[in-house]
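Peer 1: The structure that follows is given in the form of structure tokens.
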Amino acid sequence: MQIALILTGVVLVGWFIVQRSVLLVPAVVVLAFLAVPASLPSAVTLGPFSAQLHEPVLAVAVVWAVATHRGSSYAGIRIGALLVLLLLGAISGVLHGNGLVPLIGDLRPLMYLIGAMVVASRLVGTPVWPTVLRTVVLVLWVSATVTAAGSVAGLTVAGQIESASLSDPLAAAGATRLVTSATYLAVAALCGVIAEAVAGLHPLLSRWYVVVPASAIMVLSFSRNNLLALLAAVVVAILWARSARALVYTCGAAILVATIAVTLHVGSPVIGEVPGGAYVNRQVDGYVGRVIEGLGEKSFSSDPSVLYRTDIENPHLMRAFGDSPIAGHGFGHAYKAPMSSQNVFFQDAARYYAHNYYLWLAVKTGIVGLLLFIFALVAPIAAAIQTSNRDALGPAAALAGLLAISVVGPMPNNIPTSTLVGLVAGALVGILGMVQSRRPASTNTILPAQSKKEPVPC
């Protein structure tokens, strides 16, 4: 079965290269982010090697994009900084004698991030990019349908499926939490369109074709992290707009959302009497219990996942960082001893993995690596705010949202979210590169490009 999948993939990739090379990147989007039933394969394994289906297609897309499209110096410098970061971590890991398998495991997501960033930075503003964006919308709608089927009808969906209850993730009753490969694509899309609405670029409902499926996917993930992303996106929008209107819009939208939430919660007895009302009540109760009440101090002090990060992961990370603060211990470094647990992850993989990406990166590559990362991915967000470029706002807000989540969930260090970060960051630096060179950009929206202000990013 695996060999057949590999051969089929080789044939399809070859056909794409020869006949439909412009569909390579849309194919990456579909293979990486489409939520699918668990019965469908998402990876291929050959001997000791395993790869997600989108990984070889992304590699081919990188070669094709470099060979056929010109990149800007602005994007090239940022991508170059990440390449230096990758080499720093790899060389340091080898010099420290870290194991080859964990070293490759640490390198792999960063390689995909860089590859996706190369592709997006060269394709944004070209005739290929609208096809990529339309593919994102299609993936969101199909994924929302699959996710809803998992929630309503019990379809087994690939991903993290558990009870929405914080106290008992294995509980059979109540709402079901579905975190799929489409979840953070939906979060990034919402960050972009909400930021543009806050800044006054368009009414939020004019992007209903993104808001509806992305909201469904995000809500059914029952994740507090998503609120952190949306908050970061709104902050970027307010800073970009630099107007009282953006603040008023944000406050009004927050009041409206809170009013709807309270109405649903208070009206649950009435809602329960109508067809489908019991299901709606379960989702509302689950969201209130996990996401809203989960933001309280009492919840943080009793949530096992939060306690694991604050009491076990972070102290070990800080200790390891203190031992080598400048250049770190290199990729593949085990910053803590294995834990005795029935869970295989805690026995081995957890020694190399951390939820706080920035502490993790500091341990592996030190202050030097952190500065390179900030220069490559954080500085372009500040540049987008400074330029007031309309096309840059959406990607800047989406990237800010993903990077905000990375304090508690390492978006650049997971698969496929590392590819997502790379695509969003690549779109942003590609747009800023066009602004710097005064080239026209039609980029972050499926609609025609809007006028923009002219200041050039630093």
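One is the number of the first residue shown, and numbering goes on along the chain from there.
For all residues, glycine too, the Cβ spot is worked out from N, Cα and C.
Feature table excerpt (TrEMBL):
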type	residues	note
TRANSMEM	12-36	transmembrane segment
TRANSMEM	79-98	transmembrane segment
TRANSMEM	110-129	transmembrane segment
TRANSMEM	135-158	transmembrane segment
TRANSMEM	170-195	transmembrane segment
DOMAIN	210-374	domain 'O-antigen ligase-related'
TRANSMEM	215-240	transmembrane segment
TRANSMEM	247-266	transmembrane segment
TRANSMEM	357-385	transmembrane segment
TRANSMEM	392-409	transmembrane segment
TRANSMEM	415-435	transmembrane segment
Peer 1: Looking only at residues six or more beyond either end of the transmembrane segment (415-435), which have a C-beta under 8 A from one in the stretch?
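Peer 2: Cβ under 8 Å, 6 or more out: 28-29, 32-33, 52, 54-55, 58, 71-75, 78-79, 108-110, 112-125, 129, 181, 184-185, 188, 376-377, 380-381, 383-384, 387, 389, 391-392, 395-396, 398-399, 402-403, 441, 443-444, 452, 454, 456-457.
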Peer 1: May I ask you to check whether the transmembrane segment (357-385) and the transmembrane segment (79-98) make contact, with contact taken as at least three Cβ pairs under 8 Å and only pairs 6 or more apart in sequence counted?
Peer 2: yes
Peer 1: With pairs closer than 6 in sequence left out, are the transmembrane segment (392-409) and the transmembrane segment (170-195) joined by 3 or more CB pairs under 8 Å?
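Peer 2: The transmembrane segment (392-409) and the transmembrane segment (170-195): touching, yes.
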Peer 1: Output the single range from 79-98, 135-158, 215-240, 392-409 maximising the number of Cβ pairs under 8 Å to the transmembrane segment (110-129).
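Peer 2: Most contacts with the transmembrane segment (110-129): 79-98.
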Peer 1: For the transmembrane segment (215-240), find every same-chain residue at least 6 residues outside the stretch whose CB is under 8 Å from a CB in it, and list them.
Peer 2: 35, 140, 143-144, 147-148, 150-151, 164, 175, 177-180, 182-183, 186-188, 190-192, 194-196, 198-199, 246-247, 250, 283, 286-287, 290-291, 294-295, 381, 384-385, 388, 393, 396-398, 400-405, 407-409
